[in-house]
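Chemist: One structure follows; several queries about it will come next.
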């Protein structure tokens, strides 16, 4: 009885929990099968739920990133807003009807963006990682020793145009290796080609500064990504020995691996003014961003040296002796190998070189060799209208209007460099003859940006839509004559349209960027907040601490005489002198 009661009690306690015991199902295979099916369904339901949760979390993360980006844009927009009683500057002065992006400008801007994509995709497909693309033969060429010129030159253009995927891919490539490397390019054909600074290559100090240092600094200023600043510092450190001369005027070429600097033989040992006098912006910006004054000291010392022998007419020859710092007897030109120095004095000298043609009264700038003038003007000199337009707003009303009027006249001449040829693309230089207006001299076109650069400045500073129409006509001529299936090419002859086999990196860095900005609202890369270097790389304007800089130069140093700082504003620039 006891045993019986124990057994009965055990069975009773088993009760509803028997379904949890494995033995229960061994005697009931059908229920075991049902349990298995339920388990499988529950597993997949749980797995699917987890997948949905992960996807939901990823989507929330993306939305948060987008919200942060939009909040940042809103903050920047609020920072740019101006109260009614505040002085307006250049971009904010333009009438709302001009600022508004109408459907025509929007369409044109998208066409320019598509052109940039075509150029970039062709480079990526046929010349990935090399300096420049040869579109006709569909291969790359290292015109600058393999420093990745097109890659670095294109970074800020991709960013400004909102081509985020392309920019990120370029960024990843340029960040892949940094141990003595600029980039590590994985070629489509397989394998890797490491492009580094530590190489036995004689680089142009000027080209490397404006393209590589300027391009990396611009990418840093736009994106805030520190890898670009780190690389800019690396290449700048390799360039610095070029300034180790008795005068401080740098040599124009340097071996990046050995640090040995010299000038090319064809200059007879002299340095080129446009090289030595055009590297200040990048090196000052680098000192401002790194806190290391050495870059700025080297660059500004060149200006102090030039001041010692600065001529009364402000026109320096194109060659300078790096040992004595004195000017050599050579041509004075605003075209090839010349550049802007000591603004107001030089502009007085420029006025002495201005002539007008007959019968059409085209305004042009002569070249000067000694006391003789040559009726020749380079397309390269077509940056002058934009330069004059910017500088005109630092004068009083009457003088400023004259300078701006000269800028507009020169822009008309430069536009006609394009319109006067069968292809509607400009030759390299032009000659002027009495009664014949202009004739093309060197007749090639290598996709240069100078004219559209000036058109962008003039549109932004005056609001005159005529400059947009001129720029659109030039863009269409490039599309008609220079675009091929594998990129863009220059012309061997603007009269016949014969094509060359090179897509210059500055076509992506400058020409297309200026065209894009010409059809964009002036708030995009505002002239009040950004300054363009020689290669069209925009650098954010940073206020200078002159007191601290004077200390860094030393108490006995001769400080640079600075003109009053005035914003590039029409109203403010004029009213200060009323």
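For all residues, glycine too, the Cβ spot is worked out from N, Cα and C.
If you look up TrEMBL, you'll see 207, 428 marked as active site, proton donor. Look at TrEMBL and you will find 339, 450 tagged as active site. What TrEMBL records for 534 is Ca(2+) binding site. Positions annotated as transmembrane segment by TrEMBL: 31-47.
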Chemist: Could you state the whole-number distance in Å separating the C-alpha atoms of residue 207 (active site, proton donor) and residue 450 (active site)?
Modeler: 16
Chemist: Neighbour count, 10 Å Cβ-Cβ cut-off, for residue 534 (Ca(2+) binding site): what number do you get?
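Modeler: Looking across every protein chain shown, the total is 20.
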Chemist: Among all the protein chains here, how many other CB atoms are within 10 A of the CB of residue 428 (active site, proton donor)?
Modeler: 19
Chemist: Is it possible to get the count of other C-beta atoms within 10 angstroms of the C-beta of residue 207 (active site, proton donor)?
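Modeler: Excluding its own Cβ, residue 207 (active site, proton donor) sees 20 Cβ atoms within 10 Å.
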Chemist: Pop the Cα-Cα gap between residue 450 (active site) and residue 428 (active site, proton donor) into the table, whole Å please.
Modeler: 11
Chemist: Rounded to an integer, what is the Cα-Cα distance in Å between residue 450 (active site) and the residue listed as 'Ca(2+) binding site'?
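Modeler: Here the two Cα atoms are 10 Å apart.
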Chemist: For residue 450 (active site), just count the other CB atoms lying within 10 A of its CB, please.
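Modeler: For residue 450 (active site), the count of other Cβ atoms within 10 Å is 23.
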